[in-house]
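A.B. asks: This structure is in C-alpha cells; I'll ask about it shortly.
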Amino acid sequence: MEISLVPLENGSAMTLRGGGEAGASCVQTPRGECGCPPTSGLNNQSKETLLRGRTTLEDANQGGRPLPPMAQELPQPRRLSAEDEEGEGDPGLGTVEEDQAPQDAGSLHHQRVLINISGLRFETQLGTLAQFPNTLLGDPAKRLHYFDPLRNEYFFDRNRPSFDGILYYYQSGGRLRRPVNVSLDVFADEIRFYQLGDEAMERFREDEGFIKEEEKPLPRNEFQRQVWLIFEYPESSGSARAIAIVSVLVILISIITFCLETLPEFRDERELLRHPPVPPQPPAPAPGINGSVSGALSSGPTVAPLLPRTLADPFFIVETTCVIWFTFELLVRFFACPSKAEFSRNIMNIIDVVAIFPYFITLGTELAEQQPGGGGQNGQQAMSLAILRVIRLVRVFRIFKLSRHSKGLQILGKTLQASMRELGLLIFFLFIGVILFSSAVYFAEADNHGSHFSSIPDAFWWAVVTMTTVGYGDMRPITVGGKIVGSLCAIAGVLTIALPVPVIVSNFNYFYHRETDHEEQAALKEEQGNQRRESGLDTGGQRKVSCSKASFCKTGGSLESSDSIRRGSCPLEKCHLKAKSNVDLRRSLYALCLDTSRETDL
C-alpha cells in the first residue's frame, strides 16, 4: 500500500492513496475538504500511528472483516466546524515539544499548550510551565502521560475551579492563591497532585492562616531518647504516665506541706523543737575556780540537741524527700535533653531550679546556726530570718510545676504570653486612672477634716480598689464632690477593664481549640493508620520512623507520582494542617478522610 500526503487548505493536511485492491483514499467532504482527524499539530510518530490505524480500518472494511473492539472506538472522519478549526485545528496547540524537530529556544518558549481540565480548556505557553521544571506540568516527561494525541491536548480529570489557582502559580512565578469557591482540602489535594512541592504547600498554609506544627526534637542516642520521652512526654508510654503521676503527687505533697507548716499548732511545736526550754539554773556558786566551769555546763543542753531535733522534724523530712525527687528529675532531664542550651533557657526548667534552690539555702543556714558560736548577734539572726522567709516564699512557685502535666495551665500560659500587649495596655490605662482620680478625690476631700485621704499617694489604694470594682470600704469619700469623683472612677474602671478582655478571651479560645483539634487530628490519624494496616494498604512509598507513640512518629518520602495520587493515598500523613478556625479544620479533616479515593470534587 502506498501512502502519500497532499496539501489541504491550511497547507498541512494529508490524503491517503492506496494502491491495488486495498487502496484507500481520504474521505472528502462535499466542499472538497479532507475529513480526516487533524494531524498538523502532531509529531511524525503520532502521524504515522494515526495514518496506519486509519488505513488498517479501511482495509478491514473493504475485506469484509469485522473491526476489532479497540478499532471501533477510533474517531470517524468528520468535518471540522469553525470552532474546531480555531481550537483543535490550530497547529500550535497541544504540541509535544519533546518529540518535535529541534527549534530555536525563542519559538519553543512561546509555543502554546492546550490543557483540558475535565472539559474546561486552558491555554498557556511552554515557557510559563518551564519555570518550575520539577512540577507535574513543568516536567515534559511527567506530563507526557496525560497527552491525548487525538485531541492534541493534555487532559486531566481534576477539579476545574482549582486549576485557576494552579495556573496562576506558574504565571505569577510562584504565588499561590486559592480560588474563593474552592475548599481548603480540595485545593491542598490539587497542590499535591500537580506536585508543586513542600515549599508551595507551606506558603499556602501560612497564607490561609494555618500554623506550622512544632517539631519536637529528640536526642540522637537511643537510651537518651527513651529517657527523654519518659520524663518529658507523659503520653508517650505507660512508664511515662507512671512517672508523671509520681511527679504530680510529689508536687501536691510539697505544696500541702508548705501550707500546713504555717498552722499555729504546728508552728508552736516546731519552735519548741528548734528552741527547747532552758532547764532551771542552779544557784550561782561562790566565785572561784569552778565558776566558769559551771557556767559552761549550764549552757550545754541548749546547743547539743538542736541539730538532731531539727532533722527529726516531720515537715523537714517530707520536704527533704520531695527535694530529692525534684533534684533527681531535674538532673535526669538535663542529662537526656537534646540541647543543653535550650534546656537552660526554658522557663519551666528555670521554675524547677527556683523550686529546689530555697531548700539548700535553708539547710545551709540551719547548719550554720547549729554550730557553736553560730548564733551570732541578734542583728545577724534577724537578717538571716528575713532572708529565710523570702526564700521560703519562693517554694510556692512549685505549683507551676503542675503546668508540665496540665494542658489547661499550658493553654493559660500561652494565652497570657500572646496577650502581653493587651495586658500592658490595661496596666497603662489603670495607671493613668489611678493618678487622675486619686488626685481628684484628694482635692475634693481636702477641706473636710474627717477625710480618709491624707495625701495623693495615700489615695492610690482607694483608686485601684474602686477601678477594679472591689470596694473594700476602708477608704471612702464623704463630700458630694468626692462621691462624684468616686462614681466617675468606678465607671472608668469598668470601661478600662472591659476593653482588652475580649482580645484575651479570643486568644484563649484560639489556643484551646487548637489544642483540642490537634488531639482529634492525632486520634483520627492514628485510627486511619490502624485501619490501613489492617486492610493491608500500607505500601513502601514512605519511610517510617519507629518511636514510642504515633504522635511522635515522622513520615517522609518523595513526592507521589500521578498514579499513586489517583489511587488516593492518605493525605493526612503528608499534610498536617492546623487552622485558626475550629470549623475549618473539622471540615478539612472530615472531607480529607471521608473519601480519599475520588479523583475530582466538582
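Every residue, even glycine, has its Cβ placed from backbone N, Cα and C.
In case it's useful when we look at the structure, here is the feature table from Swiss-Prot:
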type	residues	note
TOPO_DOM	1-238	topological domain 'Cytoplasmic'
REGION	1-202	region 'Tetramerization domain'
REGION	58-107	region 'Disordered'
MOD_RES	Ser81	phosphoserine
CROSSLNK	Lys212	SUMO cross-link
TRANSMEM	239-260	transmembrane segment
TOPO_DOM	261-314	topological domain 'Extracellular'
TRANSMEM	315-336	transmembrane segment
TOPO_DOM	337-347	topological domain 'Cytoplasmic'
LIPID	Cys337	S-palmitoyl cysteine
TRANSMEM	348-368	transmembrane segment
TOPO_DOM	369-384	topological domain 'Extracellular'
TRANSMEM	385-405	transmembrane segment
TOPO_DOM	406-420	topological domain 'Cytoplasmic'
REGION	407-420	region 'S4-S5 linker'
TRANSMEM	421-442	transmembrane segment
TOPO_DOM	443-456	topological domain 'Extracellular'
MOTIF	469-474	motif 'Selectivity filter'
TOPO_DOM	477-483	topological domain 'Extracellular'
TRANSMEM	484-512	transmembrane segment
TOPO_DOM	513-602	topological domain 'Cytoplasmic'
REGION	523-543	region 'Disordered'
CROSSLNK	Lys525	SUMO cross-link
MOD_RES	Ser535	phosphoserine
MOD_RES	Ser546	phosphoserine
MOD_RES	Ser569	phosphoserine
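Describe each of these features in terms of where it is and what it packs against.
C.D. replies: Averaged across the topological domain 'Cytoplasmic' (1-238), pLDDT in this predicted model comes to 68.
Using a Cβ-Cβ cut-off under 8 Å and counting only residues 6 or more beyond its ends in the same chain, the transmembrane segment (239-260) has close neighbours at 229-231, 233, 266, 315, 318-319, 322, 325-326, 329, 395-396, 398-399, 401-402, 404-405, 548.
For the transmembrane segment (315-336), same-chain residues at least 6 beyond its ends with a Cβ under 8 Å from one of its own Cβ atoms are 219, 224-225, 227-228, 231-232, 246-247, 250-251, 253-254, 257, 260-261, 266, 270, 343, 349, 352-353, 355-356, 359-360, 398, 401.
Here the topological domain 'Cytoplasmic' (337-347) is broken down by DSSP into helix, strand and coil counts: 7 helix, 0 strand, 4 coil.
Same-chain residues at least 6 positions away in sequence with a Cβ under 8 Å from that of Cys337 (S-palmitoyl cysteine) are, in sequence order, Pro219, Trp228, Phe343.
Same-chain residues lying 6 or more positions outside the topological domain 'Cytoplasmic' (406-420) and placing a CB less than 8 Å from one of its CB atoms are 400, 500, 503-504, 507-508, 511-512, 515.
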A.B. asks: Can you name the far-off residues of the same chain, 6+ from the ends of the topological domain 'Extracellular' (443-456), with a Cβ under 8 Å from a Cβ of it?
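C.D. replies: Contacts with the topological domain 'Extracellular' (443-456): 462, 474-479, 481-482, 484-485.
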A.B. asks: What counts of helix, strand and coil residues does DSSP assign across the topological domain 'Extracellular' (443-456)?
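C.D. replies: Each residue of the topological domain 'Extracellular' (443-456) counted once, the result is 3 helix, 0 strand, 11 coil.
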A.B. asks: Please indicate, using numbers and ranges, the residues of the same chain that are 6 or more beyond the topological domain 'Extracellular' (477-483) and have a C-beta under 8 Å from a C-beta there.
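C.D. replies: Here the qualifying positions are 441, 444-445, 447-448, 450-453.
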A.B. asks: Using Cβ atoms and a strict cutoff of less than 8 Å, what residues sit near the motif 'Selectivity filter' (469-474) while being 6 or more residues removed from its termini?
C.D. replies: 452, 490, 493-494, 497
A.B. asks: Please count the residues of the region 'S4-S5 linker' (407-420) that DSSP assigns to helix (H, G, I), strand (E, B) and coil.
C.D. replies: 13 helix, 0 strand, 1 coil
